[in-house]
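Q: The feature transit peptide is assigned by Swiss-Prot to 1-67. Annotated site 'Important for catalytic activity' per Swiss-Prot: H103, H340, in sequence order. Sequence annotations record features per position, and here Swiss-Prot assigns substrate binding site to H103, H340, R434, S461, H539, D547, R598. Annotation comment: Swiss-Prot describes H143, G192, P193, L194, G234, N263, H340, E488, F515 as thiamine diphosphate binding site, evidence class similarity to another entry. Per Swiss-Prot, Mg(2+) binding site is recorded for D233, N263, I265, and the stated evidence type is similarity to another entry. The feature active site, proton donor is assigned by Swiss-Prot to E488, with similarity to another entry given as support.
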Amino acid sequence: MASSSSLTLSQVIFSPSLPRHGSSSSSSPSLSFSTFSGLKSTPFTSSHRRILPSTTVTKQQFSVRASAAVETLEKTDAAIVEKSVNTIRFLAIDAVEKANSGHPGLPMGCAPMGHILYDEVMKYNPKNPYWFNRDRFVLSAGHGCMLQYALLHLAGYDSVQEDDLKSFRQWGSRIPGHPENFETPGVEVTTGPLGQGIANAVGLAVAEKHLAARFNKPDAEIVDHYTYVILGDGCQMEGISNEVCSLAGHWGLGKLIAFYDDNHISIDGDTEIAFTEDVSARFESLGWHVIWVKNGNTGYDEIRAAIKEAKAVKDKPTMIKVTTTIGFGSPNKANSYSVHGSGLGAKEVEATRNNLGWPYEPFHVPEDVKSHWSRHTPEGAALETEWNAKFAEYEKKYAEEAADLKSIITGELPAGWEKALPTYTPESPADATRNLSQQNLNALAKVLPGFLGGSADLASSNMTLLKMFGDFQKNTPEERNLRFGVREHGMGAICNGIALHSLGLIPYCATFFVFTDYMRGAMRISALSEAGVIYVMTHDSIGLGEDGPTHQPIEHLASFRAMPNILMFRPADGNETAGAYKVAVLKRKTPSILALSRQKLPQLAGTSIEGAAKGGYIVSDNSSGNKPDVILIGTGSELEIAVKAAEELKKEGKTVRVVSFVCWELYDEQSAEYKESVLPSSVTARVSIEAGSTFGWQKFVGDKGKAIGIDGFGASAPADKIYKEFGITAEAVVAAAKQVS
């Protein structure tokens, strides 16, 4: 438990944002390392995002700024801290009020911990939000995003100017209603659905622990940063938070510090109506160090002491339970659910201004507060310069490790990496695509330094084990096999955090395809936040057989095809599996799902890595003039059925084109000319076959075509029997082809 004794700021100099005197970097040459600035290789910026200029600091400037920073911190008094905290509160109040939408309660209650983190503890460079060795901050209770926006504004981030605060939650605003990493530089991950943020934070901390174990040397600590997260009662109630916090404790993520905003208020009222567990005891049982800050409203020294204590614990994550008052300072709405999700209203805003002694106009930042916070720009630039110099020395001593780390940071793939992908011929033995996937996973792990992942307790069924590596565990964090246990939702969100840590970290995760239902929330956020996770989903159809309809996906292909910014692959054999992996590795802003078979499938003639990359392509065709009698379209295990049906139709004198539709989304990206060459508009006789829902297939088969599939649940029986009973056969395809042609 945190000590209640009073501590001065000079007694708690644990802030990593202060350059150290006598640092070796002062005499080290400046490293011009543009790819590390987060500009040319910035992984998580949309095309409309502004490029942020790199800041360079000379040796002399560095020394002056370092001295000034220490002097400023030592002279900081309670008055400027209180004024800064109230500035944060009123920026949040004013933005919500102007937007007539938002959540002022959390920012008002959490402003003290937010201030201490951003002003006294965290290391970051406001002018380069993507500096690699920065501390990461995650607001898991994303509805309180005005807290983070106010902090970014005060800290000097270009992404949150006064005009941005005034356009909160408006069309085209850079500060949307919940934090979005692709909209606001300085926001690490996209949060909003409660529990996702704490899970992302675990992923960020996993990435730091893994990279530190691999690349740090006794004489060079090149990876050294913390992950801080604020979560609320709602996050605690969500099951995903328990999943990931269990793993965080098991893995001993000592550089993960979570602040639990313990305000006892939910949307429906006091948490007593539905949430009465002992959260501290639960976290202790999960292997966390737990501290209780009893006065989160004004107990600044208590918060500082708690952070200092947390940083002293190296072998486990820390939860700091901070008891706060939601809407602190509001005379009539504080400690009430009414301040959670709506503005205070003009009268209550005025009352709050009077109560907290705030005479300023809306959105005003007092000059002494501006001056106090202005040091973070030079300090941050100095920190990055110091790290760049340290990396330059590291690169001289450890060239191979430096090259791998640089690849991970920048996302620049090693030259010729794609040559590692296996290729197959029709003479290659038949195999399940889950087994072929494992061959690809292991091939990629040999050539991609940032490739890592695991399964939700199904590694031996999903075939996801990296054979040349051990398990990532508390004492072996340098290894690359992640054991997630039966925690699908947590697994997905942790991988989002890993992917968003560094562009060259390429995480994959696996379970049975049907159990994506347990992790869909994380997968949607992956697509939204442009996190290039690879989802290895096996047992992709009724082909899994006897386990029955609880384990047989039906609607899943269609549902993911409806989701924006995600690639839904269903490869038919080895070449298509390799093609899917090639695209998945290259598409770092788009997650990919590989739906893979349990049953063995033949290596088909005509398939290719290049064809799979186009999403849909011609596998075989005995017609001329781009006008076959009928086009058969198959995916995955049913491409073999389409090929067999084509052979039967050819025997009857038909000209038949077989098309493999590996990925609808990639096919849609192709030119109109290419699509016309594959599915000519003049040929309306089309039949699709897929062991799943027929929903959406009309787009490709047209009104005159026919989609063969399954629009009900499956059954428990041997796979061959189920295929026959559901009409997923070559005979059914032949009959349909004759009907439409």
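These residue numbers are counts, starting from 1, taken along the chain as shown.
Note that Cβ sites are derived from N, Cα and C of the backbone, with glycine treated the same way.
Have a look at these and tell me how they're positioned relative to everything else.
A: When secondary structure is read from DSSP and collapsed to three states, H103 (site 'Important for catalytic activity') falls in the coil class. Here H103 (site 'Important for catalytic activity') comes close to V96, H143, G144, C145, M146, H340, G341: these same-chain residues lie at least six apart in sequence, with C-beta atoms under 8 angstroms from its C-beta.
If you draw a 10 Å sphere around the CB of D547 (substrate binding site), it holds 14 other CB atoms from the protein chains shown.
Cβ environment of E488 (active site, proton donor): A456, T511, F515, T516, Y518, M519 lie under 8 Å away, each six or more residues apart in the same chain.
Look at N263 (Mg(2+) binding site): DSSP puts it in coil. The Cβ of N263 (Mg(2+) binding site) has 25 other Cβ atoms within 10 Å, all protein chains considered.
For H340 (substrate binding site), other Cβ atoms within 10 Å of its Cβ number 22.
Following the DSSP three-state reduction, the secondary structure of E488 (active site, proton donor) is helix.
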Q: Please identify, among the binding-site residues P193, G234, N263, I265, the one with the smallest Cα-Cα distance to R598 (substrate binding site).
A: P193
Q: Would you mind checking how many other C-beta atoms are within 10 angstroms of the C-beta on R434 (substrate binding site)?
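A: The answer is 23.
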Q: Might you list, by sequence position, any residue in that chain lying six or more from S461 (substrate binding site) with a Cβ less than 8 Å away from its Cβ?
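A: In sequence order, the residues whose Cβ lies under 8 Å from that of S461 (substrate binding site) (at least 6 apart) are R434, S455, F512, T538, H539.
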Q: Compared by Cα position, which of the binding-site residues D233, G234, N263 is the closest one to D547 (substrate binding site)?
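A: It is G234, whose Cα lies nearest.
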Q: Sorry to bug you, but what's the C-alpha spacing from G234 (thiamine diphosphate binding site) to I265 (Mg(2+) binding site), rounded to the closest Å?
A: 9
Q: To the nearest Å, how far is the Cα of D233 (Mg(2+) binding site) from the Cα of P193 (thiamine diphosphate binding site)?
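A: Checking the Cα atoms of D233 (Mg(2+) binding site) and P193 (thiamine diphosphate binding site) gives a distance of 13 Å.
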Q: Pick from H143, H539: which of these binding-site residues has the biggest number of other Cβ atoms within 10 Å of its Cβ?
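A: Highest number of other Cβ atoms within 10 Å: H539.
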Q: Count the other Cβ atoms sitting within 10 Å of the Cβ of I265 (Mg(2+) binding site), across every protein chain shown.
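A: Counting Cβ neighbours of I265 (Mg(2+) binding site) within 10 Å gives 26.
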